[in-house]
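Asker: Under the heading active site, nucleophile, TrEMBL lists His251. The active site, proton donor/acceptor annotation in TrEMBL covers His479. Positions annotated as substrate binding site by TrEMBL: Lys253, Lys481. TrEMBL lists 12-24 with the feature compositional bias 'Low complexity'. TrEMBL lists 1-128 with the feature region 'Disordered'. Sequence annotations record features per position, and here TrEMBL assigns site 'Interaction with DNA' to Ser504.
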Amino acid sequence: MSQDSQHGKWTISSRRSSNINNNSHQPKSSPASTPEAVRTTVDIKPEPAKTPAAAMNQLNPVKLESSPSLTGKRKKEVSEGSGWALSDSDDDDESVKGKSLSSVPKKAPPSPKAKKVKVENERPPSPHGRLYYIDEPEDFFESSVPCLNDTYRFYLNKVTGLDKKYNSGALHIRDILSPLFGTLKESVQFNYCFDIAWMVQQYPPEFRTRPVLIVHGDKREAKARLVQQTQPFPHVRLCQAKLDIAFGTHHTKMMLLWYEEGFRVIILTSNLIRADWYQKTQGMWMSPLFPRLPKGSGSSAGESPTFFKRDLLEYLASYRAPELEEWIQRIKEHDLSETRVYLIGSTPGRYVGSDMERWGHLRLRKLLNEHTDPIPGDQSWPVIGQFSSIGSMGLDKTKWLAGEFQRTLTTLGKSSVRSEPPIHLLYPSVDDVRTSLEGYPAGGSLPYSIQTAQKQVWLHSYFHRWKANTTGRTHAMPHIKTYMRVSPDFTQLAWFLITSANLSKAAWGALEKNNTQVMVRSYELGVLYLPTAFTFPVHKNPFPVSSSSTGFPVPFDLPPTSYSAKDQPWIWNIPYTQAPDTHGNVWVPS
């Protein structure tokens with residue numbers, strides 16, 4: 001089966017062993033580029049892992065051996081818990097949803113003309129090597145309160161292997177949970193994917209046994225594995241989020257931190273697994289330290305101009321979980337009035353009437369309608385969407401992207417005139433992944449499936465490369481999700497959103513019943529920056545961070561770079577064997 005588009009061609013054979021054409025980077029002398037090698041299927045499976053996180057944290061790649069072609073043979077279905085690439089797929093296509101991808105990078109045969117001399121005790125540059133950067137530089141973790149931009153409170157994660165200045169003002173999970181930000185009493189971790197043992201180790205020793213509540217969406221076998229993970233840690237409790245609509249996920253990523261000094265909220269894009277915190281581009285919003293209200297304060301006390309407190313309480317109440325009741329009460333007792341961002345959440349359900357604007361992209365549309373103003377010539381102000389996963393959009397752009405989501409993203413004030421500005425969608429190409437710090441394994445967190453891509457080749461004309469030289473993160477593949485409106489010269493923002501929501505109807509919601517109902521499948525959470533509270537010049541050189549900076553630190557380069565005719569979007573469940581990655585591996589999923 002072949003598919004052509006202006007961004008290249010891919011061919012899928014009956015045995016799922018075809019390769020995307022990528023000749024521009026193909027080593028001429030590599031045996032992997034020969035027709036015979038391309039026709040050979042390598043069916044690779046790591047040893048079954050007890051948990052998704054354990055699979056991602058294997059200390060050694062499995063030794064690989066070529067096997068005969070499996071043409072005509074039915075491959076054994078991959079077990080739910082196995083594989084490197086277990087991430088937050090937002091595909092609501094029944095044919096692929098819920099399946100895990102098992103893939104291990106295979107070393108490409110060395111060229112006979114350029115044989116690499118093996119260095120004993122050489123530290124592998126990839127986190128998918130022996131150990132996962134246990135020997136970070138001494139200054140990787142903060143020993144004193146770092147210089148942070150308190151204007152926007154938007155931060156990137158630290159990335160190993162970068163020049164020191166690009167981590168100045170960025171945060172690692174150990175920094176976030178350290179005593180630098182408060183004396184922790186209890187915490188809640190909302191997330192999609194967990195490695196409990198690793199998570200516990202990120203808390204400093206003095207807080208390591210303080211109560212932690214885990215809010216997750218796992219069911220059946222996955223839930224049983226999570227329960228098993230928590231058994232060695234009696235201070236860790238579980239709270240299961242209700243997922244009553246098929247193919248929904250609990251995708252929200254949030255920390256609630258209760259200190260002796262007050263309370264803090266962190267909304268972020270990283271899973272609680274090792275692989276998300278070292279060589280990927282991630283982001284977060286960290287609230288101020290919210291002080292406790294005086295006893296006897298009224299129910300409306302401590303509210304912000306953005307009604308953040310009300311919206312956070314409403315979001316937590318949507319779980320209908322007794323385990324969260326004490327946290328709802330704690331939030332009521334704190335002063336959140338300093339908050340300057342708006343909360344945008346998604347919770348599973350079908351909503352009608354005024355409830356349609358409570359969640360998802362209709363919530364974003366409502367806020368843009370109420371808190372922005374029309375801009376002269378706004379048809380030339382592009383919309384940028386940047387994400388790490390893509391769901392099914394439909395057979396053409398009118399089905400959801402342009403017919404529904406675009407109207408939300410292009411809303412500016414109460415103007416009835418609907419402009420159609422350029423829409424730039426940022427998603428890594430095959431070559432972005434191949435040349436990344438992690439190499440092909442980075443693609444395990446970019447779960448765009450061939451089954452979905454084949455049905456929406458039209459979407460790829462919107463795609464732009466991942467380039468982030470201004471933040472030093474061009475080779476740190478994005479797991480961050482951001483959406484924004486920017487001026488034609490890319491120097492000014494109209495608004496900015498950081499969120500867990502990828503490009504999917506499951507995350508953002510889709511209209512039904514002649515637009516009288518909206519259906520949302522998943523839990524998502526993000527924060528919106530609007531011009532009512534911020535000025536938005538784009539910071540051209542955001543690192544090293546300065547506390548007095550007036551520019552917003554957009555995490556990637558502007559203007560975006562369009563795909564060339566040779567570029568193809570990364571698709572995670574097909575092989576890439578014609579060109580090795582930065583560590584000499586090829587990608588052979590099974």
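Every residue, even glycine, has its Cβ placed from backbone N, Cα and C.
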Asker: Over all shown protein chains, what is the count of other CB atoms within 10 A of the CB belonging to Ser504 (site 'Interaction with DNA')?
Answerer: 28
Asker: How far is it from Lys481 (substrate binding site) to His251 (active site, nucleophile), counting Cα to Cα, in Å?
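Answerer: The Cα atom of Lys481 (substrate binding site) is 12 Å away from the Cα atom of His251 (active site, nucleophile).
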Asker: Enumerate same-chain residues with a sequence separation of six or more from Lys253 (substrate binding site) and a Cβ-Cβ distance below 8 A; give 'none' if the list is empty.
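Answerer: Lys253 (substrate binding site) has long-range Cβ partners Phe190, Asn191, Tyr192, Ile267, Leu268, Thr269, Ser270, Asn271, Ser500, Leu525.
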Asker: At the level of the C-alpha atoms, what whole-angstrom distance separates the residue listed as 'active site, proton donor/acceptor' and His251 (active site, nucleophile)?
Answerer: 13
